[in-house]
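Below: the structure, in structure tokens.
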Amino acid sequence: LLCPCLIYGAYIFLPFDAPLLPTISARLVYTLRCATFATFPIILGMIVSAISRLCSSALEPFGELHQEVEIHRTYVSQSVHLFILYFFNMAVLATYLPQELLKLIPLLTGLFAISRLIFWMSYAIGRSFRAFGFSMTFLPLLAMLLWNLYGMFVLEPENLLS
């Protein structure tokens, strides 16, 4: 319930509009540029993971990882996987959205970045708290996937592969 409210509130109250993007290639470039900002939590996680590995009390670098190192490594791995899914769904979504709704692309990118940071903090607190941050990432991804499938098979079935 929180994700749609955040997206709707940001869509209504944030004072920016998407640039005029008449072609699909321009929309894909716009999506690619927006997706660059979604890599910030992943890069930050890699830096923290490297620092925690360097500062770890483990004597063997290839031995078993301590919990504080394993948390950051798992976060980075899961974030990369989710980012790939998120990016491809946003790229397909950008091809189906009308011009006035292209403002959703940077908003969904911001939601992804914020939700991954929330997941990381809650994952570090305890494994039982991570469901909130994960659901803030996964549920918009699921909604985009369903909208993309709806667009491909119901709205434009004649242009499915073109």
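The backbone N, Cα and C atoms fix where each Cβ goes, glycine too.
For reference, TrEMBL has these:
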- 6-30: transmembrane segment (TRANSMEM)
- 37-59: transmembrane segment (TRANSMEM)
- 79-97: transmembrane segment (TRANSMEM)
- 104-125: transmembrane segment (TRANSMEM)
- 131-155: transmembrane segment (TRANSMEM)
* Does the transmembrane segment (131-155) come near the transmembrane segment (37-59), with 3+ Cβ pairs under 8 Å (pairs 6 or more apart)? -> no
* Under a Cβ pair cut-off of under 8 Å, which of the recorded stretches 37-59, 79-97, 104-125 contacts the transmembrane segment (6-30) most often? -> 104-125
* To do: Give residue numbers and ranges for long-range contacts of the transmembrane segment (37-59): same chain, 6 or more residues beyond its ends, CB-CB under 8 A.
  => 65-66, 68-69, 72-73, 75-76, 79-80, 83, 86-87, 106, 109-110, 112-113, 116-117, 120
